[in-house]
Amino acid sequence: MLTQEIIIVILAAGKGTRMKSNHPKVLHFLGGKTILEHVIETAQSIKPKKIILVYSDQKKPVLSNIYNIPIQWIIQKKPQGTGHAILLAIKKISDNTEILVLYGDVPFISPVSIKKLQKSKKQSKISLLTAKVKNPNGYGRILRKKGKVISIIEDQDASNEQKNIKEIYSGIFIAQSKDLTRWLKKIDKKNEKQEFYATDIIALAHLEGSFIKTIEPLNYEEILGINNKLQLSNLEKIFQKKQINKLLINGVTIKDPSHFIFRGTLQHGQNVEIDTGVILENNVILGDDVKIGPGCIIRNSSIDSNTNIQAYTIIENSKIGKGCIIGPFAHLRSNTLLDRNVHIGNFVETKDTFIKNESKVKHLSYLGNSEIGSKVNIGAGSITCNYDGANKFKTIIGDNVLVGSNTQLIAPIKIAKNTTIAAGTTVTKDVNTPCLVYNTKEQKYKKNWMRSKKIIKKN
């Protein structure tokens, strides 16, 4: 673990114009989290003395209140480069302490590589995270003389000869705040972008006779940055592959890994099976022997053991008990709670509904703002009419109730246990004792009636 005396500065002030979006670049999503969220979580795992985040928008990003450790937000009102952004952060630091600089658009940097970087700092004034790559386009190049780092040249300022250099700079480094302040105050804006480049401090450190150490990350993917939607898409693929490989190694059966999308966190038991085309988002919990059929979307929900989620079912913000059968083509919306051995069938939609043990809603029904007892059977086409155009009301159905097909339950309403409701009934009043509930509907006949005939148009 790194020392707690380190201060982490995250640079997130870039406008991200190449994303061609109204949203800040670092607030685009990668693997179910914002790009910036990945970086902050890594920083948080190191347990630093402080995290300082430099941003450009007048309004703080929505992440400002998420994390337990406080984040100090510093605005860079005008885009004057990374050197200027780091100097703004250091001005808020009173003592001479170790500074780690991370970037808000480099999401895969690992705590292990940061630990290596900090360890190497003990041997130098400044330690850089670098890598040797086949295609260095877009990155600053490491310039060496007799093996020693003497400076960094940005891609847009590099000569043709310098552009052939394969060793690149990630932008991530560690140095003492006192040294950084001295170097940053000496840099200028004589470059293509007319900005203060943080990379210029390397040449200054060299001129002072400082030894500059370089460390490579565990893998090249850790220093990949995001500047456009293509790069975001490529990193999403990398993220998905890593997450899926972890699940496979940990015993989850994924029948078609190339068509499984996982954006968030997954806790799982043994013998979990996931079919093709499944999407899991946010925080998902799958118990032992859970089976997820093809095309399902499960978002921020928990599913207990031995439950079978059949094809093309959507489950959102819900909790499913043991031994349930859901789907196919069911939609369990927010705050659906199912007890044990509940069956939700084809084209059933639920919301804000609690269904107790062994109840069945097998066809073409809607249950909203409802509490359903145990061993209840809801017939096809039954609807809880919970909304009057302004307010929503609750339907409460007791144990062992049989609701016939095509029934409308006009909320607020309560149905006593052991009641039977005949098919086609509209229930408008509470049923307080067990009985048969039905509407009298006279069946009529019209004799000598004939169907209409098609009119044949003449040309």
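Cβ from N, Cα, C; glycine included.
What Swiss-Prot says about this protein:
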- H363: active site, proton acceptor (ACT_SITE)
- 11-14, K25, Q76, 81-82, 103-105, G140, E154, N227, R333, K351, Y366, N377: UDP-N-acetyl-alpha-D-glucosamine binding site (BINDING)
- D105, N227: Mg(2+) binding site (BINDING)
- A380, N386, Y387, S405, A423: acetyl-CoA binding site (BINDING)
- 1-229: region 'Pyrophosphorylase' (REGION)
- 230-250: region 'Linker' (REGION)
- 251-459: region 'N-acetyltransferase' (REGION)
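Projection of Swiss-Prot feature records onto the structure.
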residue : record                                        : contacts (Cβ under 8 Å, 6+ apart)
L11     : UDP-N-acetyl-alpha-D-glucosamine binding site : V54, T82, A85, I86, V101, L102, Y103, G104, G171
G14     : UDP-N-acetyl-alpha-D-glucosamine binding site : K25, V26, S56, P79, G104, D105
G81     : UDP-N-acetyl-alpha-D-glucosamine binding site : K189, K193, E195, F196, Y197, A198
E154    : UDP-N-acetyl-alpha-D-glucosamine binding site : G140, N191, E192, Y197, T199
A380    : acetyl-CoA binding site                       : K362, H363, L364, S365, S405, N406
N386    : acetyl-CoA binding site                       : G368, N369, S370, K392, F393, K394, T395, A411
A423    : acetyl-CoA binding site                       : G379, G404, S405, N406, T407
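DSSP assignment over the region 'Linker' (230-250) gives 20 helix, 0 strand, 1 coil. For Y387 (acetyl-CoA binding site) paired with K351 (UDP-N-acetyl-alpha-D-glucosamine binding site), the C-alpha to C-alpha distance reads 12 Å. Scoring each of the recorded positions (K351, H363) by how many neighbouring Cβ atoms lie within 10 Å, the top position goes to K351. Nonlocal intrachain contacts for the region 'Linker' (230-250), taken as residues 6+ away from its ends with a CB within less than 8 angstroms of a stretch CB, comprise 19, 28, 30-31, 35, 107-108, 221, 224, 257, 260-262, 266, 268.
For the pair formed by K351 (UDP-N-acetyl-alpha-D-glucosamine binding site) and N227 (Mg(2+) binding site), distance between Cα atoms is given as 40 Å, rounded to the nearest Å. Cβ neighbour count for Y387 (acetyl-CoA binding site): 12 (other Cβ atoms within 10 Å of its Cβ, all protein chains included). Sequence-distant neighbours of N227 (Mg(2+) binding site) (same chain, 6+ residues apart, CB-CB distance under 8 A): G16, R18, M19, K25, D105, G138. Remark: of the binding-site residues G104, D105, S405, the most isolated position is S405 (fewest other Cβ atoms within 10 Å of its Cβ). Site extent for acetyl-CoA: the farthest pair of Cα atoms among A380, N386, Y387, S405, A423 sits 22 Å apart.
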